[in-house]
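Beneath this line is the structure, given in structure tokens, with notes to follow.
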Amino acid sequence: MLILAIISLITFVSMSKLSDNRAIIRLINIYLILVLVLDSFLYLLFLNNQTYTVMGELLIFNSFTFYIDMLIYFIMIVISSLYGYNLYNNNLYKTLFEPKKELIILFLINILGALLIVHSNDFITLFVAIELQSYSIYLITAIYNSSYKASKASMLYFFMGGILSILIAYSINTYYSVLNSYTLHSLDSLIINTLDLNLILIALSLGLLFKIGIAPLHKWLISIYENTPILITIYISLIPKISILSYLVLSNISINSLVISILAILTLLVGSVGGLLQIKIKRLLAFSGLTNAGYMMLLLLLNNNEFSYLYYITQYSISHLAIFMIIIFSIYYINYINNQYNPIIYVNQLKGLIHDNAYLVLSMAIVVFSFIGIPPLLGFFGKLNILMSILNNGYYFISIVLIVASLISALYYLYLLNVSIQDKNNILINSNETVSSVLSYILSSLIILITFGFIYNSLIIDIFNVYFN
């Protein structure tokens, strides 16, 4: 139903004659919320831990895919709310990006691709979904190319994405030549997996993982994050990661533990050490995302890893949205002497923010401590679940690497917080405008979820035990 809802939205926005993007976004938000609530009731009534396939087993529906659908919808609601907030402030919107109707359509197409990736039960469906997601992202990043660097980053995204798509397509074609099938179920009929088949699945897994910018092929994606408007950065740094990692966790095609272990360790170390050298906010958060991708990659080594993955991706998504919302809201208070809105590019632009809005700095502290993994915040339980899972499966060296990477990455998280509580070194003029009350409520809700995670942690575990065995 969620997939059909996105298709209907794409049709509506494409054919709509409304010229006011604010009206379109209001309708989209209301529609997404209603569909999400209705689909939740339908799930509780009918699905209830059952697995179904449709369209000749091309798509799969179960508890795992439904949860990821809800998470993607939730993220889209928050981002579209930020987009609406952007439209309501004429002086501020140019700082973020000038809104265009085409962008709304591209976002919806990208969401459709993400949902299809998660539900793919066939390699042909997977490839079509990946290309649907990839080409929409190419266009999303290309729309606002106002500089040479931005244009270069967009072309790099297209070039690297094309190469990885070729690798994925070649792997799928070779898989078919070996098994005469495009489904993973064909593996069940084999008594012994051949070396060729292992290499095929490794190549397919690498193509998918490099799509989300894991090390060592990470620089191109970080360049994209740096040179796109911040609202687009929030989206492309989260949704593709969720869809592809969710598919890998559900399908369990990453069968070679050695390759995944090496890439996960490399991603953890590059993400944690690389972040120490950054002075730009979006690059720092990009390396943070790389480190978190490394954490989630470790779960590909394990069987029955759905609970740990869903818990971690949920708390990471909440923290990711919260920290970017804090950065966006800071634009209201980091107003330079000419009273012009300026994008926050460097970390030191946040210097003295505590004197302008202590609540934002308190919120930042909570999110930063959650990223570090300080108990009893939500991020602590996410990392604890992963650590205990890999320890229970005998990956002791990787556990040590995880702890070391967490300690190193804590340094640049604390650097971000430390700058915001220092004395101001420039003359600031506070804005007369205020943050939208709706967005204030959204940010407050995210902070509450992060802060009081220990209260409902046992409830979350009970729910997962019921619906995910």
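For all residues, glycine too, the Cβ spot is worked out from N, Cα and C.
If you check Swiss-Prot, you get these features:
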type	residues	note
TRANSMEM	27-47	transmembrane segment
TRANSMEM	59-79	transmembrane segment
TRANSMEM	104-124	transmembrane segment
TRANSMEM	125-145	transmembrane segment
TRANSMEM	153-173	transmembrane segment
TRANSMEM	197-217	transmembrane segment
TRANSMEM	230-250	transmembrane segment
TRANSMEM	257-277	transmembrane segment
TRANSMEM	317-337	transmembrane segment
TRANSMEM	361-381	transmembrane segment
TRANSMEM	397-417	transmembrane segment
TRANSMEM	441-461	transmembrane segment
Among the ranges 197-217, 230-250, 317-337, 397-417, the one whose Cβ pairs under 8 Å to the transmembrane segment (59-79) are most numerous: 230-250
Which of 197-217, 230-250, 257-277, 397-417 contacts the transmembrane segment (125-145) most, counting Cβ pairs under 8 Å: 230-250
Selection from 153-173, 197-217, 230-250, 397-417, the stretch that has most Cβ pairs under 8 A to the transmembrane segment (257-277): 397-417
Contact yes or no, the transmembrane segment (230-250) and the transmembrane segment (197-217), 3+ Cβ pairs under 8 Å, gap 6+: yes
